[in-house]
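According to TrEMBL, the domain 'Tripartite ATP-independent periplasmic transporters DctQ component' annotation covers 29-162. If you look up TrEMBL, you'll see 17-35, 55-71, 91-114, 142-165 marked as transmembrane segment.
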Amino acid sequence: MQAALNVAAALTRICDWAARIAAVLLIVLVAVIMYDVIGRKFFDTSSFVLQDLEWHIHGVIAMFAFGYAYTRDAHVRIDVLAHRMNPRFRLWLELWVVVLLVIPFFAIIVWYGYEFAERAFVRGEGANGGRGLPHRWVIKSVIPVAGLVTIAGCAAVVLRILAVLRRPDLVETPFIERGLWKR
């Protein structure tokens, strides 16, 4: 079980790095938005490139946050129902939902996201009318990468759930921070 927990810790570190990238990009996003707004309001300048960049950075932040949020139990959940469930049943339910629904869903996102990005690269896609950012494949390639990060986070939680079910003395919760799983 300790080996599984070590693998879970390594997978969680992948999500942590993605979250750090997202945190840095959040600062960049604020700077780009401020520059864009000040330019539009005070200097009568407008840039489609900056507006595209704002959307792209926002998308990267959101996509990279999924895996991190899941490992921290910070995702959306119906707590009203979950709090009424037996803790062991909750673990089994979480395990089966992640294995049967969440991981396959993100595997499909990775598969089609890769094709989506590859097609954009081959076609040399850019912004419509040439007014925004070129190389649309760059932002599209974040989709499969973020999907893999989320799968890593889900796999980490699955390994921790198995550890909690088998050896509750080793680990008390499947998530890094307790949230719903407080005892």
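Every residue, even glycine, has its Cβ placed from backbone N, Cα and C.
DSSP states for the domain 'Tripartite ATP-independent periplasmic transporters DctQ component' (29-162), grouped as helix (H, G, I), strand (E, B) and coil, give 109 helix, 0 strand, 25 coil. As a whole-number mean, the pLDDT of the domain 'Tripartite ATP-independent periplasmic transporters DctQ component' (29-162) in this prediction is 89.
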